[in-house]
Amino acid sequence: MKRERDYIQDIAEIRSMMERSSKFLSLSGWAGIMAGIYALAGAYIASVVYDFSPDRITYSVSLPAGLSEIILLALGVLILAIGTAVFLSYSKAHKRGEQVWNTTSRRMIIHMSVPLAAGGIFMIILLSKSLIGLLAPTSLVFYGLALYNAGNFTYPEIKYLGIIQIGLGLISCYFIEYSLMLWALGFGVVHIVYGIVMHFKYER
Amino acid sequence: MKLSIDDLHKAFESRVRLGIMSALAVNDALDFTSLRDFLNVTDGNLATHIKKLEKEEFIGVEKSFVDNKPNTTYYMTDEGRKAFEEHLKVLEKIIKSQK
């Protein structure tokens, strides 16, 4: 006959298997912190070095000077952030004896990619119509939608992060003159706060 | 209350089988590779346990082709879900009664 400890062990095993097989838990809090730092640096460079500050929604025949640099900068921030997240998730999964690319991570990525792709295409359209002022707000809104969706397949806190980003995005749609600041707040400060919370909650 | 250990289903004595049922309880269906990676067992080991659960008709098998490669996925049958939930209830009772 099994002893009590074995039964408790059984229950623990069941709980852990249910969680591991349905949720992607290798997301690292540090990835959030690093993404926030990249975003703050990017926003700083955009506003100080390139003097990027859309103040209203305007149609203009010619795109403002330095715009291609801003777009490259934004893409750089994006690639750095994703690269860091993948690297840190990989090492966290490795430590837990799991693979990063499994059923749960695949599911999460697929559900994130629909709103992200829609947002990306929408932003390209905005750009082609020279509606530069709406780019930063749009990126916040669609990123927030993607996070909200991902929340079903990873830590539930991601949902709140998504809602905050959507809210900031909508606010900055209205207050275009503050959109870069709100972008820095959303992608920078909020990410850092989120990363710190997650790190202390789940990784210590 | 007298609790009989016989109420615990024999099929769930093994941790691997318990693990398979737990994973399938929260996923509509999983393929062989995913199950193997979650459980961290060898192919042969997993196949044996799956066969046992299949024989009890606790899990069902669906074979299909993905990119011309055979792909086998497993899902929990209604009977399996009932047995698994029953098992969890008994486990809970045993632990409570021993406290």
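In case you wondered, yes, glycine gets a Cβ from its N, Cα and C as well.
Residues or ranges marked as transmembrane segment in TrEMBL: A:24-50 (among others).
Taken from TrEMBL, the feature transmembrane segment applies to A:70-88 (among others). Residues 27-28, 30-31, 34-35, 38-39, 41-42, 45-46, 50, 52, 100, 127, 187 of the same chain sit 6 or more residues outside the transmembrane segment (A:70-88) yet have a Cβ under 8 Å from a Cβ within it.
What TrEMBL records for A:109-128 (among others) is transmembrane segment. Sequence-distant neighbours of the transmembrane segment (A:109-128) (same chain, 6+ residues past either end, Cβ-Cβ under 8 Å): 71, 134-135, 138-139, 141-143, 145-147, 149-150, 152-153.
Sequence-distant contacts of the transmembrane segment (A:134-151) (same chain, at least 6 residues past either end, Cβ-Cβ under 8 Å): 54, 57, 108, 111-116, 118-120, 122-123, 126-127, 157-159, 161-170, 172-173, 176, 179-180, 182-183, 186-187. For A:134-151 (among others), the entry in TrEMBL reads transmembrane segment.
According to TrEMBL, the transmembrane segment annotation covers A:182-200 (among others). Long-range neighbours of the transmembrane segment (A:182-200) within the same chain, counting only residues 6 or more positions beyond its ends whose Cβ lies under 8 Å from a Cβ of the stretch, are 27-37, 39-40, 43-44, 77, 136-137, 139-140, 143, 155, 157, 161, 164-165, 168-169, 171-172, 175.
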### Query
In the same chain, who gets a Cβ under 8 Å from the transmembrane segment (A:24-50) while lying at least 6 residues past its ends?
66, 69-70, 73-74, 76-77, 80-81, 84-85, 88-93, 96, 98, 100, 104-105, 107-108, 153-155, 158, 180-181, 183-184, 187-203
